[in-house]
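Trainee: Have a look at this one.
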Amino acid sequence: MADAAPQLGKRKRELDVEEAHAASTEEKEAGVGNGTCAPVRLPFSGFRLQKVLRESARDKIIFLHGKVNEASGDGDGEDAVVILEKTPFQVEQVAQLLTGSPELQLQFSNDIYSTYHLFPPRQLNDVKTTVVYPATEKHLQKYLRQDLRLIRETGDDYRNITLPHLESQSLSIQWVYNILDKKAEADRIVFENPDPSDGFVLIPDLKWNQQQLDDLYLIAICHRRGIRSLRDLTPEHLPLLRNILHQGQEAILQRYRMKGDHLRVYLHYLPSYYHLHVHFTALGFEAPGSGVERAHLLAEVIENLECDPRHYQQRTLTFALRADDPLLKLLQEAQQS
């Protein structure tokens with residue numbers, strides 16, 4: 001779901017509205033699952049579909065733009081984005097789909113092969129629903145399918161073009177500070193090293209429903225403010241980075257029984273928000289943004305800084321941007337001049 005290019009706007013993380021179901025004994029012992037079945041309502045009334053922004057049959061996901069809170073249906077409502085995603089199978093519950101008398105529709109039968117449409121019971125048929133409301137034009141553009149372009153950014157490009165461009169944007173990260181200050185999501189923190197310089201909090205990413213470990217996804221957010229991205233890192237930050245790598249892996253082992261060699265630990269460049277954070281995902285999970293054009297393994301980042309203190313100030317970095325991103329045009333024009 002993450003885009004190859006960062007969103008420029010307010011909070012970048014998606015807000016989940018989900019109906020979670022009871023976890024198995026093994027999951028509870030591993031700390032998986034913290035949802036509730038209490039009734040909730042969407043934060044708006046009505047939904048008149050305006051456009052399908054994007055869909056993927058492979059990923060079982062669709063992005064919808066709609067008008068909500070309309071008084072008369074004449075377009076005077078507000079914009080909202082709703083993302084519907086089929087949740088992964090939970091192995092311990094799969095057998096329930098085939099026991100008893102499941103509702104079936106035969107689609108095809110030939111010799112030993114047959115295909116059916118199976119209609120699961122309610123408790124096995126949840127759809128993860130992410131709501132962005134009210135949605136701005138930037139949100140609509142973020143979720144709209146667009147062409148991407150690879151661009152190579154030198155150290156000088158970053159200092160002279162990318163950084164001034166970012167500083168000219170309204171990049172609010174107040175939601176990050178709310179987490180660090182325990183004003184929001186405090187109950188979701190899995191681990192914290194409170195050191196103001198070399199500490200961090202570890203929290204489940206909202207793209208992970210915490211119902212299974214196959215798509216485990218956590219984020220480590222550093223306490224120290226002012227570190228925007230990979231480009232800011234120097235040997236001064238090595239204690240922080242080592243803490244995130246080793247303490248983060250240990251916390252995940254203790255909480256979820258997943259060893260470090262089953263984890264992919266990396267930073268994004270460009271990041272989706274400009275406060276240093278590190279991604280922890282299950283190795284077998286093809287997480288959005290884990291491709292070679294965006295993900296930088298934390299262990300290799302540490303080694304690069306140990307070998308060359310100015311590695312990330314000088315190195316040319318490759319990343320993808322949307323074809324209509326103003327930053328892409330600025331970088332292309334500079335490189336053609």
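Keep in mind that glycine also has a Cβ here, set from the backbone N, Cα and C atoms.
From Swiss-Prot, for reference:
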ACT_SITE  His277  active site, nucleophile
MOD_RES   Lys138  N6-acetyllysine
MOD_RES   Lys142  N6-acetyllysine
REGION    1-35  region 'Disordered'
MOTIF     10-13  motif 'nuclear localization signal (NLS)'
Trainee: Fill in the CA-CA distance, His277 (active site, nucleophile) to Lys142 (N6-acetyllysine), as an integer in Å.
Mentor: 21
Trainee: What three-state class does DSSP give Lys138 (N6-acetyllysine)?
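Mentor: Assignment for Lys138 (N6-acetyllysine) reads helix.
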Trainee: By the count of other Cβ atoms within 10 Å, pick out the sparsest of the recorded positions Lys138, Lys142, His277.
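Mentor: Taking Lys138, Lys142, His277 as the recorded positions, the minimal 10 Å Cβ count falls on Lys138.
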Trainee: May I ask you to report the DSSP-based helix, strand or coil state of His277 (active site, nucleophile)?
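Mentor: For His277 (active site, nucleophile) - judged by DSSP and reduced to three states - the answer is strand.
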Trainee: Calculate the per-residue pLDDT averaged over the motif 'nuclear localization signal (NLS)' (10-13) and state the result as an integer.
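Mentor: The answer is 38, the mean pLDDT of the model over that range.
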